[in-house]
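According to TrEMBL, the protein carries these features:
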{"type": "COILED", "residues": "102-129", "note": "coiled coil"}
{"type": "TRANSMEM", "residues": "424-448", "note": "transmembrane segment"}
{"type": "TRANSMEM", "residues": "469-486", "note": "transmembrane segment"}
{"type": "TRANSMEM", "residues": "549-570", "note": "transmembrane segment"}
{"type": "TRANSMEM", "residues": "582-602", "note": "transmembrane segment"}
{"type": "TRANSMEM", "residues": "638-656", "note": "transmembrane segment"}
{"type": "TRANSMEM", "residues": "756-777", "note": "transmembrane segment"}
Amino acid sequence: MAEQGGRGCCPPMDLFRSEAMQLVQIIIPIESAHRTVDYLGEIGLIQFKDLNAEKSPFQRTYATQIKRCGEMARKLRLFKEQMSKAGLLSSSTSSTQVDLSFDDLEVKLGELEAELIEINANGDKLQRSYNELVEYKLVLQKAGEFFRKAQSSAEALLREQASNQTGEQSLETPLLSDQEAVADPSKQVKLGFITGLVPREKSMAFERILFRATRGNVFLRQAVVEEPVTDPVSGEKVEKNVFAVFFSGERAKTKILKICEAFGANRYSVTEDLGKQAQMITEVSGRISELKTTIDVGMLHRGNLLQTIGEQYDRWNILVRKEKSVYHTLNMLSIDVTKKCLVAEGWSPVFATKQIQDALQRATHDSNSEVGAIFRVLRTREMPPTYFQTNKFTSSFQEIVDAYGVAKYQEANPGVYTIVTFPFLFAVMFGDWGHGICLLLATLFLLIREKKLSSQKLGDIMEMTFGGRYVIFMMSLFSIYTGLIYNEFFSVPFELFGRSAYGCRDPSCRDSTSAGLIKVRDTYPFGVDPAWHGTRSELPYLNSLKMKMSILLGVAQMNLGIFLSFFNALFFRSGINIWCQFVPQIIFLNALFGYLSVLIIVKWCTGSKADLYHVMIYMFLSPTDELGENQLFAGQKTTQLVLLFSALVAVPWMLLPKPFLLKAQHERHQGQSYTALQEAEESLLVESSDDSGHHEEFEFSEVFVHQLIHTIEFVLGAVSNTASYLRLWALSLAHSELSSVFYEKVLLLAWGFNNVFILIIGIIVFIFATVGVLLVMETLSAFLHALRLHWVEFQNKFYEGDGYKFSPFSFSLVDGEDE
């Protein structure tokens, strides 16, 4: 299976068939294994097979190294998070880049992580102390105001009492002077107080709970802090109030402390002495200033450290990811019983043999190994992976095909034809050269900024659009082409290629009918004559034209698909598929719908008024009846009888011979399933594909049922698929009519009011309707319908799509992966 790349009758063509693949075995000395896999990852042209699939990840040879790589990757993620928080970007512009070995990098990352964690811990402690001191200063200032105001009012009251000779008043509890002024001095008690800050949003509930818990035996004062305060615990900006709670008794104090803790209120001790308060404010302000300086120095040191890490981050990250991928690959290799070499198996393109051998030689030389790696090609019946060499233009078209299914190894690739047919069928439904120019301008923007956008993180929709930029580019070019054929520019016709071939016999024909039109010049040279637009017969004419054109395009593409099945059968040397599948299918399809296509072309060329519906219907119902006025050419009746008979014969031809021929072929090869003894050197091969050489058990009933389903599917599909291509006509008509409605009912209607304001609104509505409906929704609709026509109507004629992609071990893929 892997050696069929050179077969076939046709010259090689890029993308038409996948690259010829080979199963290779490499025996690598243990001392050069790492460097060998490293060099093979650089060329990226070998897909390793996992020869240790039965082992768990922890039982494999290099599990410890992978664990080390994971730990280093965790440290790098920590550095990236810290750089993101600091607003720093990683860059590779450092002039002092030092190449570190894997072990040295591990030590370096450990040292940097320890230093960064220590800096962060110290910074967090200092910042918390700073925030606490800022809150303490606020409490001292606001609570001091409580005491000053209370003392001044108490002194004023005392002076008033002294003048009235009403006795003396203690100043021990000035805030309760109003209540205690009339009390007996012998009954005065010492009150305690608690001060702190409480979040403003909780202040009302805080006050209510305090009142209820102490049954009103507290006195609470609050003051609003104007600016938000950084909370020492959470580190977030919070709006807070300074509070002072006065109480009597230890039980009340215990309750108040619990309530403060429940509400997240930070408590700070304040003295009653105003002089000491001022002294404490001065001390706290000095400590705040010192802490601020210390924090700034720490932040500068942290910033310098992160800057140093950022300069090397990309290189370190790539190195760690490469090392991890190398050890993952080494874990897929089987180790020899002598523990001195590793055995690797994998798929590679045939053309890459020289590059792989050169990489093995370089690895042997650079690792100073005395024994070189052994490279050999294995013979196998296992199905190779599918590999197409694509570029940035063809890759998006290949992705359209791969989304349906990856091509089987070396079967005909529809991606080659999709490059042309996909944008063309899209344009048949989207044909308007004004809308095509809008799509082209949008795509040119993506193409001009291609390098910049490819290195940026885009949203999901934008990423998808950018990935398909060349598909949209081709779609826009073909839309301009079909728009010129339809002669529509935002639904308005233009005489771009000459004057109209038709003129009016009298002025009345210009209004709403084409009855008065006569041909006065040569036929309009390209596309639809502009005289048809706006006439009463425009819709019937364009309906007929686009419907017949859809059938012609559909039959042509389905024939292409059947012919590709012929080239597949020829390439894989399957005569049964040629004579029992291709031939009856091509006869059946063209005996019916190929004939219909010929009738359409003949009718266009001759100008006949024959009814093709009648011809096709009575070809089946009354094949021997005379055609009368529906006859398009001589001998048509006989031709129809021959074609009808051919179509009827093709059905059992598709159904019956192939299962019996396959059965006979199986019985003939049944005795040839024994293979020659292996040579001595072949005994070293890893027995990974022994089972693949056995013939599968042949079930005639299963094969016959499969062929029956395939035949029914093709016969019914020939009708349904041809009808499915009429979506080209339907969507083209819908696009044209929508465009015409927006132009006539929005733009022309606004123009008719002779009002600048209404005209501006009309232009805005027209632009938004055109962009939103025609350039976005209609583009998506036509894209999906073109996708369906390729996946179902075209590819089901020949494309199996049951292969699997070639996924080589490549550092370019590792570098491009998101973390």
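Cβ coordinates are placed from backbone N, Cα and C, and glycine is handled just like the others.
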Positions whose Cβ lies under 8 angstroms from the transmembrane segment (638-656), at least six residues beyond its ends: 580-581, 583-585, 587-588, 591-592, 595, 619-620, 623-624, 707-708, 710-711, 714-715
Intrachain residues whose Cβ lies under 8 Å of the transmembrane segment (424-448), provided they are six or more past its termini: 465-466, 469, 472-473, 475-486, 488-492, 549-550, 553, 557, 727-728, 731-732, 735-736, 739, 770-771, 774-775, 778-779, 781-783, 785-786, 789-790
Tertiary contacts of the transmembrane segment (582-602) (same chain, 6+ residues out, Cβ under 8 Å): 548, 551-552, 555-556, 558-559, 562-563, 565-566, 569, 608, 610, 612, 615-616, 632-633, 639-640, 643-644, 646-647, 649-651, 653-654, 714-715, 718, 722, 797
Tertiary contacts of the transmembrane segment (756-777), as residues 6+ beyond its ends and Cβ separation under 8 Å: 432, 435, 438-439, 490, 735, 738-739, 742-743, 746-747, 749-750
